[in-house]
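The block underneath contains the structure these notes are about, expressed in structure tokens.
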Amino acid sequence: LRLAGGRSRCEGRVELEEAGAWGTVCDDNWDLADADVVCRQLQCGRAVRIYGGAAFGRGSGPILRDEVGCEGHEERLVDCPATPEHDCSHKEDAGVVCSEHQEWRLSGGQDGCAGRVEVFFRGTWSTVCDSTWYELEARVLCRTLGCGEPLRQLSFGHTLPGRMLYQCESQQPSLAHCRWTYNKSAPCHQSQAVGVVCN
């Protein structure tokens, strides 16, 4: 099982592999109970939003499930009742955003490549503590946003309810692949909210 076409591994079009081929799930009767099973199976928390109509782009290959009917407690999507016969096309591919999905923005700058670092996580926007924010973290973020390399670091106040802390050991595809802690007060004690200017 995987999510494709999203901004992290915990968001996207639902795809599963059967007999060596990856395929998609039709959005007929697609609901939160079905999506919860997907998120839990991928260790992405719970479902916060569901999508139909190929919101994350049209998949390819076979449409492997239609009329999925999970109750929500199943361990895997394949354990849920569904019909293998379908009357769907890929414009009806199902998608989900799970609670562990993270996305980022730079706010308050002149464009999307400068400003205060904010992360959308578990349904809300949060600021990022500068306690462990160095060149590497800034480089990962600027590249994830398609903004090139970091030029300088900025400092702001924490004015959003949540706080996130990142520690990267190496160049990762996104900050979500680094070590992170959410709303733990000790490491963020007396920190500022970090900002960055990318080139």
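Along the chain as shown, residues are numbered 1 onward.
Cβ atoms here come from the backbone N, Cα and C positions, even for glycine.
Residues annotated as disulfide bond in TrEMBL: CYS70-CYS80, CYS168-CYS178. As annotated by TrEMBL, domain 'SRCR' applies to 1-99, 104-199.
For CYS80 (disulfide bond), applying a Cβ distance below 8 Å and a minimum sequence separation of six or more within one chain yields ASP34, VAL37, VAL68, GLY69, CYS70, GLU71, GLU74. Summarised by DSSP class, the composition of the domain 'SRCR' (1-99) is 16 helix, 33 strand, 50 coil. Cβ neighbour count for CYS178 (disulfide bond) (all protein chains, 10 Å cutoff from its Cβ): 20.
Within 10 Å of the C-beta atom of CYS70 (disulfide bond) sit 22 other C-beta atoms, taking all shown protein chains into account.
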